[in-house]
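Enquirer: The structure is given below, and queries will be raised subsequently.
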Amino acid sequence: MTRLNTNQWLALVLALVAAAYIAMAWQIATFPLPRPVDSDLFPKVLGFALLILSAFLFFEPPAPLAGADTIDPDAPRGPLLSTPWARVIVTVVAVAAYALLLVPLGFVLASMLLCVGLTVYYGYRRHSVTLAVTLGVVLGLYLMMTRVMDVYLPTGVLPF
Amino acid sequence: MDALNNLMYGFSIALEPINIAYVFAGVFAGTIIGMLPGLGPISALALMIPITFSMEPSSGLILMAGVYYGAIFGGSTSSILLNAPGVAGTVATSFDGYPMAKKGQAGKALAIAAYASFIGGTVSVVFLMLVAPLLSKVAVSFGPAEYFALMVLGLTAVVSLSDKSLVKGLIAAVIGVMISIVGIDMQTGTERFTFGSINLLDGIDFLVVALGIFALAEVFYMLLRGGDSKEGPRNAIGSLKLTRSEVGEIAGPVSRGSVLGFFTGVLPGAGATIGSFLGYSMEKKIAKDGDTFGQGNIKGVAAPEAANNAACTGSFVPLLTLGVPGSGTTAVLLGALLVMGVNPGPMMLEQRPDVFWGVVASMYIGNIFLLVLNLPLIPFIAKILDMPKALLLSLILIFCMIGVYGMSFSVFDLLLLLGFGVLGLGMRLFGFPAAPLILALILGNIMEESMRRALQISGGDWMTFIDKPISLSLLVIAALSLTLPLIKKRRRKA
């Protein structure tokens, strides 16, 4: 058996998603009164449309990956944590942590930590500039949202 | 002179001091965001939605119009200075703009871009003012079947014009509609695809998806590309002044580009990208010195710039008169309007004339601001491009997060935003266009509602979509818009 190409892998994943979607569409409760179109029709149409499109995708020759030529080839030679993919993964984890810590720590503190932490991690070494810009932007945003636009942002451990 | 009276009314709204401040802030913020490589008008508008949330709709939309114009102009700035167009709409500008910058004439190129944008924008606002009321009169007669067909056309047009694979564009659109129907079905009260989570009962907010798929995914993508900005030191910007003969030289390209751009922008799916490319290639064919295009010819900057700004205004026509956006950017604008409680469509002109005419007037004012304020500020604004990428990326993350949290106050939505960021990165890497997804997300619910209402009226008879001539012709055009590119491709291969 020949190896599957990128489009074929994607098509298989999408076909699985479509199958699961169709299965779920069949479980949508029906409305007690008879209607020409119930809540389940549109999802069913969408599910089958995705299934058919994944079949088309399976037979479409793949184009070169969009990012492949621009991803820095030298970067993986550095320490593991500074490879491009590691940077993405660390950022995803940091943003998830930010989401979970936003309420307990408060907007100002959590945002400062995320912004300064990631900037240093990405390799910018002028810490005073980082601190000054981050503090200015975060405080500016905080004051604008809370004082000018009356949008509540969590205060967390800080008193304001 | 109904239009004139209405316009005066619009000016009385747009010229309120607070609204002038909003136009200025919008143009300024839009220019800065649009200038950052990768962040185009869609990200700029999405980032602004939380700010407009608590505003009067007319003020909010005035701010948005400013951001839109600013972002397009900002995109031209990075095209000219860095050869890094933030958005597809300004790619054509870089063909001659960047060579001019390399020759030390960046200031001149930027000035031409500003003048051409101003004229393109202003001319097209006049067209908008004349065309929109006529079109909305026709659109009043549209029933649910026609609306459904119109939305199908809007979607297929955007899919067919995406430069990537047609199948992938359609898949993105289907996924967009799938996301849009999560939550409680408004017609029957039935839960759909909520997985038992109360956080999903209200559906997925489009801002979460838009910021995730565009802004957050862009941050991830920039991280993947690695390294800090690699471009070398830039030449000095040079003088911003144009000579009289240069003004004469660009007058023709600018006026032709403005008209062409507007009408391209009105067509669903076409928008600024096609407009600017058409403007550029038309001038290249017409010009006596067409062979110097691509080497820093000022006409090669003027034509696409006028056309892309005119097309931006043109794309407001279907949005404001039919309530159907013709592009990803206007889809985000529609989302913003819905958040503010305004339903654009044929009735908007009658029900909310303040919003409609306020926006038209603010477009004039936005254009003037773009010229008067941005032009002298260009050398300073360009300094933003020197900001270290590491810091910039972290700040964009914060903007995205606060944008979502400030609107929904939900940690769940922040995690969802992250999920969409990852999805956006995947789509980008595997060549799935994002614009159809966002357009489908906005249109999905309205599309389903129109379809069901049409079937309700016809007693479940599907022929209702074919029996009505307008609906039938729209569906035929939609089908053609998908099949023609395929046939062309086949022919080219054969």
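A Cβ is built for glycine as well, from the same backbone N, Cα and C atoms used for every other residue.
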Enquirer: According to TrEMBL, which listed range is transmembrane segment: B:84-103, B:304-323, B:324-343?
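Expert: Checking TrEMBL against the ranges B:84-103, B:304-323, B:324-343, the transmembrane segment one is B:324-343.
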Enquirer: Considering only Cβ pairs under 8 Å, which range in B:109-132, B:138-159, B:204-224, B:324-343, B:355-378 makes the most contacts with the transmembrane segment (B:429-447)?
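Expert: Checked against B:109-132, B:138-159, B:204-224, B:324-343, B:355-378; highest Cβ contact count belongs to B:324-343.
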Enquirer: By a Cβ-Cβ criterion of under 8 Å, what residues six or more beyond either terminus of the transmembrane segment (B:138-159) are in contact with it?
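Expert: Same-chain residues near the transmembrane segment (B:138-159) but 6 or more away: 166, 169-170, 172-173, 267-270, 318, 321-322, 324-328, 345-347, 433, 435-436, 439-440, 443, 446-447, 449-451, 453-454, 457-458, 464-465, 468, 470-472, 474-475, 477-479, 481-482.
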Enquirer: Considering only the recorded stretches B:109-132, B:355-378, B:390-417, state which has the highest number of Cβ pairs under 8 Å to the transmembrane segment (B:204-224).
Expert: B:390-417
Enquirer: Summarise the model confidence on the domain 'DUF112' (B:20-439) as a single mean pLDDT, whole number.
Expert: 83
Enquirer: Residue list, the transmembrane segment (B:259-280) vs rest of chain: Cβ under 8 Å, 6 or more residues beyond ends.
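Expert: 72, 87-93, 95, 120, 123-124, 127-128, 131, 153-154, 156-161, 253, 293, 300, 303-315, 317-318, 324, 326-327, 329, 481.
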Enquirer: Can you tell me which recorded stretch out of B:20-49, B:166-184, B:355-378 has the most Cβ pairs within less than 8 Å of the transmembrane segment (B:109-132)?
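Expert: Stretch with the highest Cβ contact count: B:355-378.
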